[in-house]
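J.: Below are the C-alpha cells for one structure; questions will follow.
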Amino acid sequence: MLERTLRVLEYNKVKEQLLEHTASSLGRDKVKNLVPSTDFEEIVELQETTDEAAKVIRLKGHVPLGGISDIRANIKRAKIGSMLSPHELIEIASTMYGSRQMKRFIDDMIDNGVELPILETHVAQIVSLYDLEKKITNCIGDGGEVVDSASDKLRGIRNQIRTAESRIREKLENMTRSSNAQKMLSDAIVTIRNERYVIPVKQEYRGVYGGIVHDQSASGQTLFIEPQVIVELNNALQEARVKEKQEVERILMMLTEEVAVEADIVLSNVEVVANLDFIFAKALYAKRIKATKPIVNNERYMDLKQARHPLIDPEIIVPNNIMLGKDFTTIVITGPNTGGKTVTLKTVGICVLMAQSGLHIPVMDESEICVFKNIFADIGDEQSIEQNLSTFSSHMVNIVDILEKADFESLVLFDELGAGTDPQEGAALAISILDEVCNRGARVVATTHYPELKAYGYNREQVINASVEFDVNTLSPTYKLLIGVPGRSNAFEISKRLGLSDRVIDRARNHISTDTNKIENMIAKLEESQKNAERERKEAEEHRKQSEKLHRELQRQIIEFNDERDEKLLKAQKEGEEKVEAAKQEAEGIIQELRQLRKAQLINVKDHELIEAKSRLEGAAPELVKKQKVNVKNTAPKQQLRSGDEVKVLTFGQKGQLLEKVSDTEWSVQIGILKMKVKESNMEYINTPKQTEKKAVASVKGRDYHVSLELDLRGERYEDAMMRVEKYLDDAQLASYPRVSIIHGKGTGALRQGVQDYLKKHRGVKTYRYGDMGEGGLGVTVVELK
C-alpha cells in the first residue's frame, strides 16, 4: 500500500484514535505497526477476531488487561545473566498475573456457553507460571523492596540492624537530653552522615565527645561528630548492612535465574497478551465510532450502507449508501466544490483501508466490502515547492504513477480530476484518464466540477453519475449522495437568494445554450424525483419499523399472558398436590392403624377394601396433577419435522404449522396471523406416537417395605398359603403392579386349585393363567391385576 495513499486518506489519524484504546505499550506497538492486509483469508479472520472481541465487550463491558508491561528487555537481560532489580521482577510478576487473568476471563466465558473460537485459540497459548509469579510477589513488596520474609537469613540480619539502630539512638538521645547538651550541641537531634549516626556539636566543644568528625556546617560552627561511645555500634551496624545487601542480591539473583529458565514461555505469553491488547483495542474503537463488521467478499464489489467517515462526529455527519462494482465500476461525482464530494471520496477510501486492517467500519449491518491489492488516491492540493511544480503538475505526476500501476485489483480515487488547467483541456484529459483506468478493470470513484463529465456517465455502460445534494433554501450542501443524478452548479439559484436582480440572472441565462438549459432542467427534475423517492422510502421504512414494533409488542404480550397463565396453573397445581398429598398421608396412617387393629382381631376389614378407599382418594386428585403426569410420561422422542407439520410452540403454548426450515435449528412457523422463526428445541410435534407401557418398579410408593414380583408358596400349609395370597395381592395392588406370579408347584394340585379358586373371587384380579414354558409352566399362576 502506497505511503502517500495512507497519508491523504488520513489512515494514521485513525491509528492515533485506535492507540487511545490500548492498555499497554505492547498493544501500542502493534497499532503503530498496523498496515492494511491484501490477503483475503487473513482479512476475513481479522474481522472475525475483532467481532469476537466486540462480543466480549458487549457482554462484559471490559477486559482485564491491567498490569501488563513490555518486559521483553528484562527477560533478555535475565537470559544473559544480569541481575534484575526488584522493580523489574515485579513488572514480570504483574505481567504473569495479567496473562493468567486474561486466560481465565476468556475461559470462564467459554465455559458459560459463549462461543469464542478464535480468542480461545489465543488464550490456549498462555502458559500459567503461577509458582514463579507467587515466589516473586512473596519476596518483593508492592513498593519494590525485598521483604523480610524473603529468607530466614534476611529476617535475622534485619533484626540485628533494628537492634543496633535502637541501641545507637538510645545512647545518642541520652546525650542530647543531658544537662550539658544545650550548651555543647547546636541542636538536640540525632542525624546521619555517611550512613553513620552523628550529633551536631558546636566547634568549641569538639573534644568533649571524642570520636570521628564526619561533616561540618557551611559556616563551620557545627561539627557532625560520631561519639566514641557508639563507634563500635556503628561499625556493627555497617557490617550488618553489608550482609543485608549481600543477602538481598542473592535473593534477586535467585529469582532472576528462575525467570531465565522460563524465559521462552514468558516471551510467548507476552506476545499473546500483546495481540489480545491490540484485538480488544480494535473492538473498543469499533464501539466508540459505532462501527460494525462488514461482510468481506472476493468478488470486487462493495455495498456500504449508511457509511460515515470515522474522523467526523457521527452526530453531525450525514451517512450515505455507496455501491460500487456490481452494476457499475465507476462513480463520477459532479457538482460545485463546496458540496462535500471529497468527504464522500475519503469515506470510501478509509472504509476500505480500515476493513483490510481488521477494523470494523462505520456502516450499518450487512454492508459488504471487497479486498484490493492496491489503493491509489489523488486527493488534495500537494504542490511541491522543491520540485517547482504547479497544482496541475503535482496532480499529473501522481496520476502518471497511478496509470503505471493500476489494474483490475485496484481501487482508484480521483479528487477534482483534471483541475488546475484550461477547463476544456482538463475535462478532455479527465475523460481520457477515466477511460484508461476503467479499461484496466479498476474500481474508480472520481469527483469533478467539469460539466462535460456529466455526459460521460451516460455514454459508458460501467459508469454512473452521482452528486451531493444542495439545499438552495439554506444555501448549503446537505452532504446526501445522490447516485444516478449528476450535479449542477446552482449558481443562478444561489445568486438570486443572495439578492442578485432577476434582470441580471435572466440575461445570464441567455448566455447559456439551449441544450445546457435543457440538461440543467433535466437534472433538476431528476433531483426532485430522487428526493420524492427517498421520502417515500423513508415513510415505507417508518411503517415497517412500526409494524415490527407492534409485532414485537404482540409477541411480548402473548409471552406475558402465557407466563402468567402458567404461573397460576402451577400455583393451583402445587396447592392441589399439597392437599392430595396431605390426604394420602392421612389415609396411609389410617390404613396402617386399621391393619394393626385387624391383626389384633379388634375389627374385620379386608385389604382390598382399603385399596378401593385409597383409589377413590387418588381419583380425587386435581386434573392438573394427572395431566402433568401424562405430559411427563408422553414426552416423545424428537420427530423428523417436515413442512406442513402441526407443532406446539412451547413458549406460547399455541399450535402452529411449519412453513419452511430457515436454518439448521430454526423453522418459519405460522401461528394464527403471526409468522415467526422458532427453534426446534422450542416446539413439540403434536401427533406424538403412543408410548410403550412402563415396566413396573419393585417398590411401593409411600411405603417402607419392598414387594416382590412373585410369591413362592411351595412347602406352605394350605391355610397359611391362602392368607399369604390374600395379603400379597393387596400389597401388589397398592404398589400398582400390573402383573405378578404365584409359585405353588405341581405336586398333588391341591394348593394350585386353592389359589385359582381364590383368584376367581378376588375383585382386584383381572385374569390369570398358567405360566408359559419359560415362566414355570403348571407350577406357576400368572395374575393380571386391575
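Glycine is treated like the rest: Cβ placed from N, Cα and C.
Here's the feature list from Swiss-Prot:
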| type | residues | note |
| --- | --- | --- |
| BINDING | GLY335, PRO336, ASN337, THR338, GLY339, GLY340, LYS341, THR342 | ATP binding site |
| REGION | 529-549 | region 'Disordered' |
| DOMAIN | 711-786 | domain 'Smr' |
J.: Report, as a single number, how many Cβ atoms besides its own are within 10 Å of the Cβ of GLY335 (ATP binding site).
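T.: For GLY335 (ATP binding site), the count of other Cβ atoms within 10 Å is 27.
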J.: Tell me the coarse DSSP state (helix, strand, coil) of LYS341 (ATP binding site).
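T.: The residue in question, LYS341 (ATP binding site), is helix (DSSP, three-state).
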J.: So for THR342 (ATP binding site), how many other CB atoms are inside 10 Å of its CB?
T.: 17
J.: Do you know the mean pLDDT across the domain 'Smr' (711-786)?
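T.: Within the domain 'Smr' (711-786), the model's average pLDDT equals 84.
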J.: List the helix, strand and coil residue totals of the region 'Disordered' (529-549) as derived from DSSP.
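T.: Residue counts for the region 'Disordered' (529-549) by secondary structure: 21 helix, 0 strand, 0 coil.
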J.: Could you give the number of helix, strand and coil residues in the domain 'Smr' (711-786) as assigned by DSSP?
T.: 35 helix, 19 strand, 22 coil
